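*Asks:* Below is a structure I'd like to ask you about.
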Amino acid sequence: MTAPSQVLKIRRPDDWHLHLRDGDMLKTVVPYSSEIYARAIVMPNLAPPVTTVDAAIAYRQRILAAVPAGHNFTPLMTCYLTDSLDPDELERGFQQGVFTAAKLYPANATTNSSHGVTSTAAIMPVLERMEKIGMPLLVHGEVTHADIDIFDREARFIDTVMEPLRKQLPGLKVVFEHITTKDAADYVREGNDQLAATITPQHLMFNRNHMLVGGIRPHLYCLPILKRNVHQQALRELVASGFERVFLGTDSAPHARHRKEASCGCAGCFNAPTALGSYATVFEEMNALQHLEAFCSLNGPKFYGLPVNDSFIELERRESQVPDNIALNDDSLIPFLAGETIHWSVKK
């Protein structure tokens, strides 16, 4: 017998950390997000990065042009912080409603981050202006010194960058993005209402054993890298507790298959097609489905000072299979959980 399906109705969610890329990749991946999410914080790490108001407006138009008819989707644009960024340009974009937030990438921490910030001291006038105008700072929280082990880079960032910065600018709103460690979970939980975090589905579902034992799985390779089981469990416990300053941020980061399955493969999981069902699975496993809506749809708007969405979606508990690949010109994209059976899907 087939068990009766379970349906969860939740307010329409937002994705507070999303990579849409550009060109043909943009046109391919946008519908997977615009179908489900009402809004998304769009990352600015293009080549060249989005560092001006005009560049953000142009990129927003390219995104909107890729949204299928019938989808209601608002991209929330971000400014890529560099050592040479003009605080006046940043403020102009924020006051005009072009920039929702600004993104701090430590130089060379992740994809297309070579233009990133060399030190917070180098951009202190920009950060002081952000504190003054109430503009959120989104942080990729890893140090990038060559002598720091890749598994330690997030924890080290808290001690050497994040905590000193928040002490120096106590009024600055900070989102600690895609946290991956118990250290970060504890830090955010113990922080004040100026500090929040996003968590990806892959960091809730998997740890480094899943990526490395029995063969290397390049489609689980992302940055920050998957950590030990103890860190995965800390993240799961944080979201299952109903903690209000943590919210959905998929960090969906598409790369063509040949760039993932390579001798020097790219970091990033393309999880937009399966993320929401993945989150539901985790919350169900943790007996915390009562907190799923807040994580997906309420906590983010509250932190950003934005209204919650008026519309609703339904998640259905039924088994379905994730496609093995998604066509991309003469290549393909491998979605997160490709070929696997998933238990929650958005009801069409």
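Glycine is no exception: its Cβ is also placed from the backbone N, Cα and C atoms.
These came from Swiss-Prot, pasted as-is:
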type	residues	note
BINDING	HIS17, HIS19, LYS103, ASP251	Zn(2+) 1 binding site
BINDING	HIS19, LEU20, ARG21, ASN45, HIS140, LEU223, HIS255, ALA267	substrate binding site
BINDING	LYS103, HIS140, HIS178	Zn(2+) 2 binding site
MOD_RES	LYS103	N6-carboxylysine
ACT_SITE	ASP251	active site
*Asks:* Around ALA267 (substrate binding site), how many other CB atoms lie within 10 A of its CB?
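*Replies:* Its Cβ has 16 other Cβ atoms within 10 Å.
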*Asks:* Taking the centroid of the Cβ atoms of HIS17, HIS19, LYS103, ASP251 as the Zn(2+) 1 site, which other residues of that chain lie with their Cβ within 8 Å of it, listed in sequence order?
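*Replies:* Checked against the 8 Å cutoff, the neighbours are LEU18, ILE41, MET43, ASN45, LEU138, GLU177, HIS178, GLY249, ALA253.
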*Asks:* List nothing but the one residue from LEU20, LEU223 whose Cβ has the fewest other Cβ atoms within 10 Å; the candidates are the binding-site residues.
*Replies:* LEU223
*Asks:* When the Cα of HIS17 (Zn(2+) 1 binding site) is compared with the Cα of each of the binding-site residues ASN45, HIS140, HIS178, LEU223, HIS255, which one is closest?
*Replies:* HIS178
*Asks:* So for HIS140 (substrate binding site), how many other CB atoms are inside 10 Å of its CB?
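*Replies:* Excluding its own Cβ, the number within 10 Å is 25.
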*Asks:* To the nearest Å, how far is the Cα of LYS103 (Zn(2+) 1 binding site) from the Cα of HIS178 (Zn(2+) 2 binding site)?
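*Replies:* So the Cα of HIS178 (Zn(2+) 2 binding site) lies 13 Å away from that of LYS103 (Zn(2+) 1 binding site).
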*Asks:* Determine the minimum-neighbour residue: among HIS19, ARG21, HIS178, ASP251, HIS255, listed as binding-site residues, which Cβ has the fewest other Cβ atoms within 10 angstroms?
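*Replies:* Result for the binding-site residues HIS19, ARG21, HIS178, ASP251, HIS255: minimum number of other Cβ atoms within 10 Å at ARG21.
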*Asks:* Helix, strand or coil: which one is ARG21 (substrate binding site) in, per DSSP?
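*Replies:* In the DSSP reduction, ARG21 (substrate binding site) maps to coil.
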*Asks:* Can you give me the Cα-Cα distance between HIS140 (substrate binding site) and HIS178 (Zn(2+) 2 binding site) in Å, rounded to a whole number?
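*Replies:* Between the Cα atoms of HIS140 (substrate binding site) and HIS178 (Zn(2+) 2 binding site), the distance comes to 8 Å.
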*Asks:* Sorry to bug you, but what's the C-alpha spacing from HIS19 (Zn(2+) 1 binding site) to HIS255 (substrate binding site), rounded to the closest Å?
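*Replies:* Cα-Cα, rounded: 10 Å.
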*Asks:* Of HIS178, LEU223, ALA267, which binding-site residues are close to HIS19 (Zn(2+) 1 binding site), meaning a Cα within 10 Å of its Cα?
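*Replies:* Among HIS178, LEU223, ALA267, not one has a Cα sitting within 10 Å of that of HIS19 (Zn(2+) 1 binding site).
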*Asks:* Here's one to test understanding: among the binding-site residues LEU20, ARG21, ASN45, LEU223, ALA267, whose C-alpha is closest in space to the C-alpha of HIS178 (Zn(2+) 2 binding site)?
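*Replies:* Closest candidate to HIS178 (Zn(2+) 2 binding site), judged by Cα separation, is LEU223.
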*Asks:* Could you say whether, by DSSP, LYS103 (Zn(2+) 1 binding site) belongs to a helix, a strand or a coil region?
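*Replies:* Its secondary structure by DSSP: strand.
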*Asks:* What count of other C-beta atoms do you get within 10 angstroms of the C-beta of ASN45 (substrate binding site), across all chains shown?
*Replies:* 22
